[in-house]
Structure formats: C-alpha cells, structure tokens
Amino acid sequence: MNKDFIELDGAIGGGQILRSALSLSMLTGKPFRIHNIRAKRSRPGLLRQHLTAVTAAAQISSADAEGTQIGSQSLSFAPGAIRGGDYEFAIGTAGSCSLVVQTLLPALLHADQPSRVRISGGTHNPLAPPFEFLERAWLPLLKRMGAQVEIELLRHGFAPAGGGALVMQVTPSALRPLHLETPGPIHSQQATALVADVPGHVAERELARVGKRLKWPEQALKGIWLDKQIGPGNVLLLEIACGEVTELFSSIGQSGVRAERVADQAVDQARQWLHSGAAVDEHLADQLLLPLAMAGGGSFSTTHMSEHLSSNIQVIRQFLNVEIVCTQANERILRVELRQG
C-alpha cells in the first residue's frame, strides 16, 4: 500500500470532502489526512453521521484510522483491501443514512464478493438527500452505468429522533461512462407529502401550494399518512421523470415553518432546474461526479458550479488521474466532462 498521505483541507465543502476522500481512498488504496473538518460550520468537526461513515469505511477496507471521535477536526485514514460481506451500521441518531450509503457504495462495487449493508438512523433529514433521491434519481443512473445494486427502505426516520433503517445489496460490477446532455421531455410528475404525527392539513396545504405554483393537476398531488409512532415528521417530495433523468426535489417540514414555505423551498429548486435546460440539478451533478470518475469518463450539464461540485472536483483530482473540464455553455448551463488523464 502507498504510504504517502494525501493532505486535504476540510474547511471547504463540509462533510462532502470527507465522504469523497473515504470512497476514493478505499478505491485507490491511497491514504489521506484531512484537517479543519467542517471548520466553517456552526458545529465543526465530525458529527455522528460522519463518524459512522468513517468507521464503516474502515471496517469494509480494514483501514487504520486515527481521529475517530465526535468533534474531531483532523483524521487520518489508511485503507487495506475492500471486503464484501454482511454489514450493519447504526448511526445512533437521525444522522443521514443516505450519506453513509453514498460513501460506501463506490468501494463495495469493487469488493471481492457481494455485500448486504443495513444502516439505521435518519432517512429523511434536512441538508441530506432523502431515501427516495437515492432510489429514484441517483441509483437508476448508476444502474445505467452498470452498477448492480438494490436498496430498500425498512422504516422512515425523521429528525431529531431517527429510528429509520434501509438495506442495500451490492454485487461487484464495473461502471461504464455516461453522457447526459439534456433532460429530455417530461413524461411524469408527482408531488408526495409524507406526514407522521403531524396534522393532516399540513400535507394538504403543501400539495395545494405545489399545484398552484407548478400548475400540476390534482392527480399528481398525493398525501401519505405514516404511522404516528415514527413521527413527528414531514417531507415533501417532487419527482419529475424525463427521457434521460428522474429528478427528485425535497423539503423537510420543521417546527415553526409554515407548510407553504416548505412547499416553496422544493418548488424553487424544481423551477430553477426546469428553466435551465440542464440535464441534472446541482445535487445530482455533485453526486454523479465520483461514479463518472470511476468509470473513466462521461459528461453532464448542470445549472451552475456549486461549492460541493467544486470541492469534489478538487478531491477527485488528488486521487485519480482524470481530466475534468468545466465549460459555461450559457448563463444557465454548466457543462462538465471527465476524461482519462
């Protein structure tokens, strides 16, 4: 194993730099040190979901890791061989299960055998992709690239209680390049409001706002009332399926935030993407970058250069010999192309 540590600054990009570095380190066998982890955040250092990602990555790659404590702002990680198998990881709070999935999946596609991974914690969190984003937007594109992976939601988990769980099954498989230039024509759209131990009028008001602002018909507006025991919780999901891509925009209901404001947050994201003409929005762009780098090539158009996309590009360049070219096609579209270096 290469013992020359890659040095990373975690002050920019938040936990995204750490997650990408863990994935890339396991894939390449290159160890890294990261300092100033989440230094600009209100709660700097490792939170429980970041620590779970680190300990999970260390377990599946037999890694030596130092700095693995809540609040730690420095970490070193030196991986061994990636080993498939049956794993179970508990975040212990409502920390995001989805972010742990996105850390582990790239490595498990290169494991020595199939894997089954159960993760418990939060499945619908502020500032993290909900389960449905993985299931309907991200993973279908990875499957088109050749990934053999299935994911199942076992139980919803809302902040702050958590208590959710998902299971992922991965068969080792190689990824092929993917090119996404335009989204294609829209062939379906669906707004879903999930509520648990929250007044029913919250879902009704969210959906009414979506229908009014996006001019979606009533049959495209759906409320789902979950078991009160897993609440309180509320999430609004806007799913837009096009020829090439399914996008999913979400907003998490929180105490003191009006239902109409929750709806507006998701609608604003959707409208920005719809009006841009780009193939993918900023979140899907950021999360496609590493799989395309693994595949050795590909391209997509997106709405703009986000902080996460920029920091992810920097991290990938430090681990892989890949050329990433970003071109401003017009004021609404950024084109990103990856090629073997």
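Count begins at 1; order follows the chain as displayed.
Positions of Cβ are set from backbone N, Cα and C atoms, glycine also.
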> Which of Gln69, Gln73, Gln102, Gln113 does Swiss-Prot put in the same ATP site as His283, Leu284, Ala285, Asp286, Gln287?
Replying inline: Gln102
>> Are there any residues at least 6 positions away along the chain from His308 (active site, tele-AMP-histidine intermediate) with a Cβ closer than 8 Å to its Cβ? List them or say none.
In response: Gly13, Gly14, Gln16, Glu282, Asp286
> Which number gives the other C-beta atoms within 10 angstroms of the C-beta of His283 (ATP binding site), all protein chains shown included?
Replying inline: 23
